[in-house]
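TrEMBL annotations:
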COMPBIAS  39-63  compositional bias 'Basic and acidic residues'
COMPBIAS  438-467  compositional bias 'Basic and acidic residues'
COMPBIAS  483-508  compositional bias 'Acidic residues'
COMPBIAS  524-547  compositional bias 'Polar residues'
COMPBIAS  552-561  compositional bias 'Basic and acidic residues'
DOMAIN    66-211  domain 'C2'
REGION    39-77  region 'Disordered'
REGION    438-569  region 'Disordered'
């Protein structure tokens, strides 16, 4: 990286403004494919007797160069987790809408006739009953691309895609959502396709396959291509996470040492959500000076979980409001970019008194650099202690903070994937077993001492759980962050490894929809959305079947029903009312924020 300093210029030509912009720029080339990771390119999920059948293999097209051959037969390298991901949506075949109302009419005298004469494969390519489809692409639960709409077609051809930089392919998830474009109602989901890169790219860095569409109001098959190329960039573990997630407090209380007033209220906010800790949860500490706030989730005290949309540019900001004062008296901030995903840890941050609270919340001001910040007075009043972690990916808590149609569609996509059992509760960083085996063999190859070592000693060197062995085969990659130059094109870079896998011993959380199976969804298997399926007959018989219980059951699964145009949403007038309500709510929010000092945000990339 090369540091740069730029003078600020005015809007008019040849005018200057006071101040300087300090920034860095760097170029990172594509990595070379390691021969030690080369595979035969055959699907590892097939049984041995079917692996050699050509019709069961992925389409590879015509391979003309050695580089193309290496792409098809070499999976992404665990040594280089960051890179460029190319996603192309080719076409959809057999696209149709489901008949949510089922068969109509009396069956008397027609018992042996099919209930639906229109059932079967769609043979017409155009017609008034066919959907006007378009595709959206989500990378790590962020909406990044929209295709054009293909009007009333059962076999739309898109051939559109995008390229995005991803921090870590081992945890990357791409979700393709096909929607039906409609007027005066929200575009329903026809089907979703979630693709975890570590599951798709097991034998090569490119895959072109057909996937079924499910989880919406229609059916079909979609053809998608994925291509990942690593770049010579080594990010620290704290920079390998997602922008979208949830910060959750895992400790039963928040403790303030050396500061506090009885009945003090805490307001929390971050990039995407806000919360508050009520005054009646504040209690004085007995053994030392300070106060604590109960956030255990018991005694009617809510457990705090903060959905985050912009993790790498926002903190968890605390505001302390003592009784009798309208404004915050003290502040504390925890920047989410300073710790890795899924790692639960204890936090001990300073409580500050500041004359410019807004500036404190918008700038990266920490305990290490606050004394060097000009034109701001910061005084430390005490310490704030709690335990928490950042959970990767979207969950049900994000539903409450939908602010636009884009965020609403993102939540709907996650709900469809979770209800179908194709997305778990948490996103884990993992390397495919076949790739991990080849990677471990490449590290011991040519090193007789390590190859013949005791298994426990070998595990120490090849550990994934945080053992520091980064200097064993080269320089520490953290020196690259400090600006030290290194020849990354040398032959020794293949022996240069540091695994940034997160600890797998993370606590289980209920992040899913209320009507989905918690344990089954984490295994990635399809589960029934009936929350009562696991109950014993004796327990089921004790439950009331009255109208109140029926209403509660409907409310618990209403989002799933409405997403598939069932329940109340099977009638168009109800969908029109829901559309008008949401559009009015979003419009009011835009009007109320016209005078805000927020910067402009880029629109979602679309086809030209």
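The backbone N, Cα and C atoms fix where each Cβ goes, and this holds for glycine too.
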The DSSP breakdown of the compositional bias 'Basic and acidic residues' (39-63) into helix, strand and coil residues is 6 helix, 0 strand, 19 coil
Of the residues in the domain 'C2' (66-211), how many are helix, strand and coil by DSSP? 12 helix, 62 strand, 72 coil
Quick check on the compositional bias 'Basic and acidic residues' (552-561): DSSP residue counts for helix, strand, coil, in that order please. 9 helix, 0 strand, 1 coil
Roughly where does the domain 'C2' (66-211) sit in mean pLDDT, to the nearest integer? 86
